[in-house]
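What Swiss-Prot records for 39-59, 66-86, 114-134, 146-166, 175-195, 217-237, 270-290, 310-330, 362-382, 388-408, 427-447 is transmembrane segment, and it gives sequence analysis as the kind of evidence.
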């Protein structure tokens, strides 16, 4: 790691504040009651949870349930616990140092290497955006019959919707994201209830099974679930937005309080994401496991399978499939909001460059829409090819993941930077193991994906 330049004399006062327009804007009084402090910090975790229930996770979870029943619920549990640990590290990084992960990575690396990391981070955000464009465009097609190419172009106007919402303050964004998340949650709770899953089999799914390792097919889906869980942009995002609360930046006690309640918020919201992913897998298992429709390839397959499932009947099948599309649209809109903020954090953090938000968002979304449009034109609207592009975007995110995880680990284990908030030894051991395992699994997934082409 010869490129790493540890700057022991870090000075937070010389560092531009992360997301300056929202930084230190939301009241937090450490003298309030525990419930008031919790409510003050409730919100950033919602934006982070979006990345754990994005369109890329949907196919993997439902296909896992359809093909292998409830066996992979254990993998969702382990993935969610790993996510909680890594996101708690970003919380401590942001609050303890006053820097987000992009700023900290720039602080760690010499300029040429930092620029390389910035390019990878930007490409990761574009890859994330591609999934959002595809998910939203497919949802618009399923609900309203809007052609995919028109739906993809419509998503460009999400830029202006977010800019309009931002005028009303960051709390409003948190509220809107929370509303959309609970819309998705409510839809899948209803759909799972209607599908009448076997509760005993569900509970048994949280127990590790040797088939996860011995069965090649189960292992591949398991790796897909794990590899898609930790999103690079979430690590940048979370380390910044936790700084939106007002607390004394020079008080160790107030920082400790802020870290405590921000971590509680994160764990609660990631628990909701865990439930949503379990519901997706359960829905796939309850309706399609052991049937001829168990090989669900994409959103259109899922929609059609729900609509025509004999056990549901025509009316209920129509309702279930429509609600599925509505949830997909809500998920896409949520990811738009978080992707915008993450893009701004990355550009400002790595380059110390601020451009108008509307221009930043327009550039990112345009770069995401262009590959989708080209794919639609070249393959004449072939839905299978457009969903394959979504898979490619997830593969690139897997490649980009170590470039955000390693700086996070190095920073949070550094005494000079973190002071009393540095990683404990057991956290260092687990986080390095996670980095090695996740990186190895992602490499395996990438190889498998290209072999299947």
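Heads up, the Cβ atoms here are built off N, Cα and C, so glycines get one too.
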Stretch with greatest number of CB pairs under 8 Å, the transmembrane segment (270-290) reference, 146-166, 175-195, 310-330, 362-382, 427-447 candidates: 175-195
Other parts of the chain folded back onto the transmembrane segment (388-408), taken as Cβ under 8 Å at six or more residues beyond its ends: 55-56, 86, 89-90, 93, 101, 104-105, 108-109, 117, 120-121, 123-124, 127-128, 130-131, 134-135, 227-228, 230-232, 235-236, 371-372, 375, 434-435, 438-439, 442, 445-446, 449
Leading stretch by Cβ pairs under 8 Å, where the reference is the transmembrane segment (146-166) and the options are 66-86, 175-195, 217-237, 362-382, 427-447: 362-382
Segment-segment contact (the transmembrane segment (310-330); the transmembrane segment (427-447)) at 3 or more Cβ pairs under 8 Å: no
Long-range environment of the transmembrane segment (39-59) - Cβ separation under 8 angstroms, sequence gap at least 6: 26-29, 32, 80, 83, 87, 128, 131-132, 134-135, 170-171, 173-174, 177-178, 181, 184, 225, 228-229, 231, 233-234, 237-238, 241-242, 244-245, 258, 261-262, 264-270, 272-274, 276-277, 280, 296-299, 302, 328, 331-332, 334-335, 337-338, 341, 387, 390, 393-394, 397
